[in-house]
Amino acid sequence: MSGPTADLFADAALQQPGGREQIGEESYVLRGYALPWIERLLPELRRVLAQSPFRQMVTPGGFTMSAALSSCGDLGWTTDTRGYRYSPLDPRNQQPWPAMPDALRQLAVSAATEAGFSDFLPDACLINRYVPGAKMSLHQDKNERCYSAPVVSVSLGLPATFLFGGHQRADKPQKVSLFHGDVVVWGGVDRLRFHGVMPIKEGEHPVMGPQRINLTFRTAG
Ligand code: MD3
Ligand code: FE
């Protein structure tokens, strides 16, 4: 996106009826959308993480990521010195990733529908854990086989400043604050935009403690 359209989205998110904030041509923030689901969601998340705990992964360039990762679903995202990829097995124990709990899948499908993407069939849920100071550098998500499906993300815990860039790494990103319970849906022409997360500020969240956990649902296979 460039020119007048970019300017339109640059300053403030456009308010939409139904509590949708449009942040890109086909991207929406659903403020607090996950809040009614939280009590169902957290015990499931705990079960998943007991089976596949958070771990810090190394990028092909040899850097240890500051965010710790896990996954659930048929496919999980991993990185090591050989590259980035989706795998049906958790490299930590060579066992399948934990199944995607129904509550998580239903939340993601329902949010996607709310944003205009019906028939979302996520097969992977990446779980990122940020402690204060952790960040995610500007990148594109290009390891999924299906770019026509949206990505749905659920923010939990400490707030974050999300960086929403363009299709070129050098495009100046817009900043979007994300809070506990916010759900974001990215799709269509926005699916391959560069994005990242600024370093998380010190803090203690009343429900989640001193951390931010982000769930991202994708159709990867
Ligand atoms: C925008 N995670 O796991 S939300 C990631 O908050 C990732 O943990 C961030 O970027 C986080 O890859 C950002 C998710 C997100 C995922 C895919 C996108 C935002 C996106 C694809 C296109 C545009
Ligand atoms: Fe990403």
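Just so it is clear, glycine is given a Cβ too, placed from its N, Cα and C backbone atoms.
TrEMBL: automatically predicted annotations, no manual curation.
Quick look at what TrEMBL lists:
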BINDING   HIS139, ASP141, HIS195  Fe cation binding site
DOMAIN    121-221  domain 'Fe2OG dioxygenase'
Completion exercise
Comparing local Cβ density (other Cβ atoms within 10 Å) for the binding-site residues HIS139, HIS195 points to HIS195
Handout entry: Additional residues surrounding Fe cation, by Cβ distance to the HIS139, ASP141, HIS195 centre under 8 Å
Key = MET136, LEU138, GLN140, ARG193, PHE194, GLY196
Completion exercise
For the domain 'Fe2OG dioxygenase' (121-221), the DSSP helix/strand/coil residue counts are 3 helix, 44 strand, 54 coil
Fill in the blank from the handout: Within the same chain, the residues at least 6 apart in sequence whose Cβ is under 8 angstroms from that of ASP141 (Fe cation binding site) are VAL151, ARG191, LEU192, HIS195, ARG218
Exercise for the section: Compute the average pLDDT of the predicted model within the domain 'Fe2OG dioxygenase' (121-221). Expected result: 97
